[in-house]
Amino acid sequence: MSRIRIEGLLAAFPKLIGTGKQHTYIETENVRYVYQPIEALYLLLVTNKQSNILEDLDTLRLLSKLVPEYSYSLDEEGICKHAFELIFAFDEVISLGHKENVTVAQVKQYCEMESHEEKLHKLVMQSKINETKDVMKRKASEIDKSKIEKNRGDKGGFGPLTSMGSGRIENSLSDLSLSSTGTGFGSGSGFGLSTDVDSFSTKPKGRPTASANAPPKGLGMKLGKSQKTNQFLESLKAEGEVILEDVQPKLGSSRSAAPPLTDPITLTVEEKLNVTLKRDGGVSNFDVQGQLSLQILNQEDGHIQVQVQTGDNQAVSFKTHPNMNKELFANEYILGLKDPNRPFPTGQASDAAGVGLLKWRMQSTDESIVPLTINCWPSSSGNETYVNIEYEASSMFDLRNVVISVPLPALREAPSVSQIDGEWRYDSRNSILEWSVLLIDNSNRSGSMEFVVPQTDSSAFFPISVRFTATDTFSDLKVTNIIPLKGGNPPKFAQRTQLITENYQVV
């Protein structure tokens, strides 16, 4: 049948349709029109008059079921948008003018069958992309190391440590200056465990020593940056990267996250939270590790004991340092040394880690004690995927500086965020959408965000990472009193309490 003949038959069809008719076919001298209304359109099947009309009606019924499967909007624009998919589907139903014995599920399966050559080509392309990324990371690491060595040789100290491979440029001077001073307690070993000092590197506390602010001898301090460095940083900022500027000359300002230690004695209660939540609900891992640290500025205040009060949480198990009097703590909740004649070690204000006195741990599988739960609901519609994310916070804690990081597929443009409780930022370099809420309290225990991306698989939005801080802890440990062992008035003390996330994910 020629194209002109087909166009003539289709042009004649609208003139043959009457109003108020109950049947769904029209016969002319040579052909039979079998049709079915679909909202404002007609699904039309043109056959000769010798064909079996029952078979034609069955074919038309099958075609009418296929149309909504490939076109979600049953209007002219939606049909034109998915015209090729519909043609391929109809071709599986009708072959050489005759109906094939197939179902809707079979037609969808035949149309979605992948080509082995195409899959192989995609795998080869992806391997090339991954190989190129690895080469870029190695080159960036080599350039990074050469800059560090050059800065050490020119300035006689540590230059800014930049991590280009990880996609972030961060100043690590605060981490370097927070290493343990090695104050011996016992047989030459550090009193606090060295592995616990790292937890304070992200939140430095205390005042820098006088030597930390002193300029190096022989060389002037270079405050300026080269033009190439500025251009490089500006290009990274344009890509959405977070840049922490080099603050080596102003080391004291890098510790502004915590107030300086002004009290003679400071006790820090810190808990690290490791949680792995399942995307469909439930907890696969919940682990809380806490530590009580002591910092004494003056040596004359070292002969003391610390009276503490624990909460009612029976799931928390405490463990004292080997040099502590375990019976004294078990009976009276007093932290004191086995040898009361020996003082606690003292340190400068820059020793933010302090001395570890007490540790505790808590593990559970009860989802009700999780401070923050995340529900992610991706749903595809047409060529787009709508993602709804909701958080629900427990009333036990007020959470601060909450950041929910959602991984996204590689996008040409930032996702379209239609609704959000809080703020959002798109990291195009790492393809991550960050949802930020400064404070979650009784006024906003729940919140939601909705955004749209091109159609993708739901697994691409996991694992979701969460980080936050809180001023309350699961152990509810509090320091109630400082007991001087040599008489006199008890020295003033300050207590700092915080709960931080170490690894908090929804997988």
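In case you wondered, yes, glycine gets a Cβ from its N, Cα and C as well.
On a predicted model such as this, the values are computed, not experimentally measured, just so you know.
Annotated by TrEMBL as region 'Disordered', the relevant range among 168-195, 196-223 is 196-223.
Under DSSP, the residues of the compositional bias 'Basic and acidic residues' (140-155) split into helix, strand and coil as follows: 16 helix, 0 strand, 0 coil. Looking just at the domain 'MHD' (262-507), the mean pLDDT is 89.
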